[in-house]
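The feature NADP(+) binding site is assigned by Swiss-Prot to R47. Under the heading FMN binding site, Swiss-Prot lists R123, S124, S125, G283, K298, P299, T300, S301, S302, R326, citing sequence analysis as support.
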Amino acid sequence: MRNRFGSLFSLTTWGESHGPSIGVVIDGCPAGLLLDPEDFIPAMSRRSPGRPGTSPRKEADIVHILSGVYQGKTTGTPISLQIFNTDVKSATYHQQEDRYRPGHGQLAYEKKYGLVDPLGGGRSSARETACRVAAGVIAAKILAHYDIYCLAFLSKLGKESIETYPKLSKEFAQNIYNSPFLSPLDNDSILQTLTHLQNEQDSLGGVVSFITSPIHESLGEPVFNKVQAVLASGLMSIPAAKGFEIGLGFASTDSYGSEYIDPFIIENENISMGSNNCGGSLGGITVGMPLNGRVAFKPTSSIRKPFLTVTKTGEPSIYATQKEGRHDPCVAIRAVAVVEAMVNLVLADLLLQQRCARL
């Protein structure tokens, strides 16, 4: 089982949803980076439950630094981070342990490995993404040294959506962070949709967009290591992710070349582009424009409506998430922090690779 992501800057996550703790080991972080346990709090709080319409599971998600930091600075050695699971309730999973959960990876996992941890999804649980968010904090610090910043936000939930990519600014970022749903969409409309889902015991998918500051470093390579290819690999590894696009993406199939192609212009005595339909990447390499993309998330599979299933002995049965179960009606809201982290992790790795591209 592969639990490592990245090349020069890499992370290895470990732990299960209902185990004592989860964690991550980060390799390749340069020495001298300022790092304090409090640096993790803002990002971890954006992923944590507790917002309106999210899972009632209450995890403090305090990040403990076990290695790789001395006197507030990274030492260049592996950084080990640990997050304790403090609100585990396994009883609801034991009650239906004899049958497969529709929409989950339990059956596939068992067929591949011969056994499975059924408690909260075990290793395949979205609980693992807390480790990615923690590692993403360190990646963001590396990128900040090169004036590269990323912001993710909920751009679609139900009928509410924003199709364009706003320009990244401190004001826009603050508006997103101040929103209970990390979204520029109407908060009242989102809350109404989530309340309806909870009343109907149902769930809904969503879309998370990400935008960056202009990336003047030439990140990515022209063949297998295209920036969008590495982003797709990382972002599509997020639980419940079902689609990825960069720039105009799938909408470009409805465009003429004369409409889609971004013209080159001179701006402030530098070569720039008059539009950014490409999403900031040409030939798989960033070209000084913002990097923009979207990730589609499926509806949460854990809902209280009953579904046909089979038992582990092959008998027809019914599966319904218990009333005591704690799940999100829309995973895309809490996935915002995870998308932002994965983009930062990919870009930090590509940035360090770029340092080795030529003399």
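A Cβ is built for glycine as well, from the same backbone N, Cα and C atoms used for every other residue.
What you are looking at is a predicted structure, and each value in this text was computed from that prediction instead of being measured.
Here the features listed in Swiss-Prot are painted onto the structure.
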residue	record	DSSP (3 states)
R47	NADP(+) binding site	helix
R123	FMN binding site	helix
K298	FMN binding site	coil
Other C-beta atoms that fall within 10 angstroms of the C-beta of S302 (FMN binding site):
23
Residue among the binding-site residues R47, R123, K298 whose Cβ has the most other Cβ atoms within 10 Å:
R47
What same-chain residues, at least 6 away in sequence, bring their CB to under 8 Å of the CB of S125 (FMN binding site)?
E16, S17, P239
By a simple count, how many Cβ atoms lie within 10 Å of the Cβ of T300 (FMN binding site), its own Cβ left out?
22
Rounded inter-Cα distance in Å - R123 (FMN binding site), the residue listed as 'NADP(+) binding site':
18
Euclidean distance between Cα atoms of the residue listed as 'NADP(+) binding site' and S302 (FMN binding site), Å:
19
Work out how many Å separate T300 (FMN binding site) and R47 (NADP(+) binding site) at their Cα atoms, rounded off.
16
